[in-house]
Amino acid sequence: MVPVEPSIQSDVSLSGREIAPPVQKTPPFPVLKTTFISICTSIVGATALTALAFISESFTLPQAETPTAPSAEESDPHEDLPSKINDPSEPEAHSEPDTFENSESNTVTSIAAAPPLTLTQSIAESSAVWAIATYSDEGRNINLIVSGEESGLITIRDQGSGQPVRTLEAHDDTVRAIEIAPNTRRLISSSGDGIKVWNLETGELLYRLPSSTPVWSIAIAPDESRFVSGADDGSLAAWDLETGQSLYSTSDGATIWSVAVAPDGKSFVSGDSNRVVCQRDLATGQLLKTFKGHQSNVRAVAISPDGQTLASGSWDKTIKLWSLETGELQATLEGHRDHIVSLAISSDGDMLASGSTDTTVKLWSLSDLSDYKLLENLEAHSDWVLATVFKDRERTLITGSKDKTIKIWE
């Protein structure tokens, strides 16, 4: 097939660098005594205020252009999408990739007794929360929650107090994905108007990668040298994180709803509207495997920290767990009454969280590969749970919803 120019265009960064165009290539908490609560409250309150004051001094609010008013609320991520811009190019010819079809596996529906997570905080936002990322710097006692909204705003908050540190008028459309590179302190956001890369500490816009089609997902390589993006027109692209230079562009031939990079940095996976999960070589974009079994759009993908388990969540109301190495289907998790739209795996790899349009979050045990269990059903949101994130090195779960709230579970 003749390569077609990818939809993401070149642009000039705020710092004056010219971004080259993409390369054309194919147990519940115990009840505490009143006195103890008062003491703890005072201590925690003082700590949070100290941290917030420090963060406020360390971060400077940048000037930003006022975004255009967003379009009407999207009741369904799969409706009212623009028509495809072009026929994306196919990858270069390589040896035939492995294809793994759905086969007989454990189907999990029961719930197991386990220490539950408790809702500890609820934060109100100005519009639907589509994306969430977290950042921690223990040395400076900084713990941040970054959220992307339907209004196009990105809000950076102190996790302890819930108070905003900075608000970026980031995009002219819904912020569909947010990722943070902790070592280089880069914040990447994507929307209907493309991709933007920011300095997390100063809020400076470093460069932009405009797009004529919504960019639904982004994922950063563990070494932070590059990131990948997936768009509505089917394009998958890899970019140099420091410079914004295009490394390659290819296509799965269908809308890319989600992407995730493997912990070893050698490959990445994508979930698409063709009901398929594809694994590709991160360095080249070469297709390595396809995982088939879902009956509808694969809206979310996640990879366990050990790189062994791939989780895929679909519009068909199920979650499938696969061996990333062999492609074997290990289990099908059933329990949600409606579409799966977000997934997250805890940093110890023992727990999977799934968010759904049924307004619930379900927690699943991944600790025993031969006996997956539904641990808990979390009910606090009143609308779609569009974002689920586990904080690094903790079992703190943060969820974002179309109900315009962020919930923190501990």
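Cβ coordinates are placed from backbone N, Cα and C, and glycine is handled just like the others.
Look at TrEMBL and you will find 1-25 (among others) tagged as region 'Disordered'.
Marked as region 'Disordered' by TrEMBL: 64-106 (among others).
Averaged over the repeat 'WD' (168-208), the predicted model has a pLDDT of 97. For 168-208 (among others), the entry in TrEMBL reads repeat 'WD'.
Marked as repeat 'WD' by TrEMBL: 215-249 (among others).
The annotation repeat 'WD' is assigned in TrEMBL to 291-332 (among others).
Per TrEMBL, the feature repeat 'WD' maps to 333-374 (among others). Only residues 6 or more beyond the boundaries of the repeat 'WD' (333-374), in the same chain, are considered here, and those with a CB under 8 A from a CB of the stretch are 77, 106-112, 114, 116-117, 296, 299-306, 309, 311-321, 381-390, 392-395, 397, 399, 401, 403, 409.
Summarising the annotation, TrEMBL assigns repeat 'WD' to 378-410 (among others). Proximity of distant same-chain residues to the repeat 'WD' (378-410), defined by a Cβ-Cβ separation under 8 Å and at least 6 residues beyond the stretch ends, is recorded for 73, 117-134, 136, 145, 147, 150, 159, 182, 341-348, 351, 353-357, 359-363.
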Helix, strand and coil totals (DSSP H, G, I; E, B; other) for the repeat 'WD' (378-410):
0 helix, 17 strand, 16 coil
